[in-house]
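First comes the structure, then the notes that go with it.
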Amino acid sequence: MSFNKDRLEGKDFFDGSNDKLDVEVGSPVVEDEKAFAEQRELKRGLQQRHIQMIALAGTIGTGLFLGSGRALAAAGPVGAILGYLLTGILVSGVVLSIAELAALVPLTGSYVRYAACFFDPALSFAIGWNHVYAACVAIPAEITAAAVLISFWTTSVSNGVWITVMGLLIISTNLFFIRVYGELEFGFSMLKIMLVVGSIVMGLCIDLGGVSGQPRLGFQYWKNPGPFVQYLGIEGSLGQFLGFWTTFSNAAYAYSGVETIAAAAAETKNPRRNIPKAAKRIFVRVILFYVLSIFIVTLIVPSNNSLLLKSTGTASQSPLVLAANLAGIKVIPHIINAIVLTSAWSSGNSTMLGASRTLYGLAREGHAPKIFLRTNRFGIPYISVGFVSLFMSLGYMTLQDSASNVFSWLQDLVSAAAIIAWMVICIVYLRFYYGCKRQGIDRSELPWAAPFQPFAAWMALLGFGLILLTSGYAIFIHGKWDIETFFSHYFNIPLILLLYFGYKFTKRTKIVRLDEMPIRYFIDIANQNPEPEEVPAKGWRRINILWS
């Protein structure tokens, strides 16, 4: 059976000189001149320490530091912890799935490109533009959060000024060498790690009575006001369960972007080694940075705190700042707020990277205008960066409404888009998995075979599907209908269906059959282009790699 690469809708996977290449499956096919085209146009500037640190803390942003207060107020301490833990387990299945595909096919745009190979070009078009849409909403959410955080120090300056400043910073850091982005993210991630560790230590000191003049708290707030919240005033276990279920949307926003480790695969040095390394540690990072942080917050901030329950439009809603203020610590809130502010910049950077590379990948596939393929002298797809940057203007909605209200609305939109993206990753991976089965390809032949598959992918797919359909359940309760909430929770479902079926009927695409997937072709590429041996690290570099 032969495979003509033109069938991969994106002929630009390869250099134009090879446009007519017809490859016999199973034959050695790849010489240096047949390398993926984007690996020549884009610069491989992300080192192992960059990709490890981005995976470790790159997507930790305002969803954890600012949005977690919303989860605590809605679900109580136990409900918030369970929500973030269960979402983290599901997200781990997504990361393992995308990393296995990225190790085999290190393409910029990652799962958007894989959808064309292993499912249907129409799905590639739909999820690609869905990802771009999500980024166009997520970046304004981050810069809006930055405006919320800056208001901790001053309210005399318009939020529009801070939104403009933050937007320009994100644009500038995405227009230079990919290595510059990597170094910035490395530094920001170190700050976020120090903040998380410092917050855990501070929280333990407050909880155990280590702050002068403050009593020992222990699990006091788990007892009063209690481990769960009677959500929407509904009494009994039903109200408590509904409050717990509400946290999944908050947690999805906090975890959104974890798939970024594979978004710039073509710009990552030795991706077949470094991307799986990052993915294998995802569960430990979920427990250490997300769940443990939420746990500490629940010990030192009561779920019925008035600043958690109302939208103040200021950083006083941040549970970390609340905890420090409640303990009477004067300087710490300023330090916390400053680092959380850098996390908004960092998370915006990560989102911009993923969106611009996805747009580049869409153009490679013919799903977007070819103008998005243009790169500057630094190897950055600057037209793609510029297009996504235009939507930062959505952040100026805060000038007409409370910044925290806009942040909550954008957060729900991003959560829904992230869940759909994760579901598509799982669907594409499962098609790939069963394609390997159909073609008799043993998983040992792959550059890296993720553990717990296909169970992790099935678990994530079904879990996120249920969460997506029920995320806006509250509006269906009598007297709770709200058009804005309905739109923010469910707009993405008809959007993805419209994009998929619209493209499918227009272009008359077909679902790729299991026995026609070019899996053997990509395995041959990997075998004919081995990565160099890993050089043992010495000194501080060894300590850093062991930590990461």
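Cβ coordinates come from backbone N, Cα and C, glycine included.
According to TrEMBL, the protein has these features:
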DOMAIN    50-513  domain 'Amino acid permease/ SLC12A'
TRANSMEM  53-75  transmembrane segment
TRANSMEM  81-105  transmembrane segment
TRANSMEM  132-154  transmembrane segment
TRANSMEM  160-181  transmembrane segment
TRANSMEM  193-213  transmembrane segment
TRANSMEM  228-248  transmembrane segment
TRANSMEM  282-301  transmembrane segment
TRANSMEM  321-342  transmembrane segment
TRANSMEM  380-399  transmembrane segment
TRANSMEM  414-434  transmembrane segment
TRANSMEM  455-475  transmembrane segment
TRANSMEM  487-503  transmembrane segment
Stretch-level contact, the transmembrane segment (414-434) and the transmembrane segment (321-342), CB cutoff 8 A, at least 3 pairs: no
Contact yes or no, the transmembrane segment (380-399) and the transmembrane segment (132-154), 3+ Cβ pairs under 8 Å, gap 6+: yes
Local confidence of the domain 'Amino acid permease/ SLC12A' (50-513) - pLDDT mean: 81
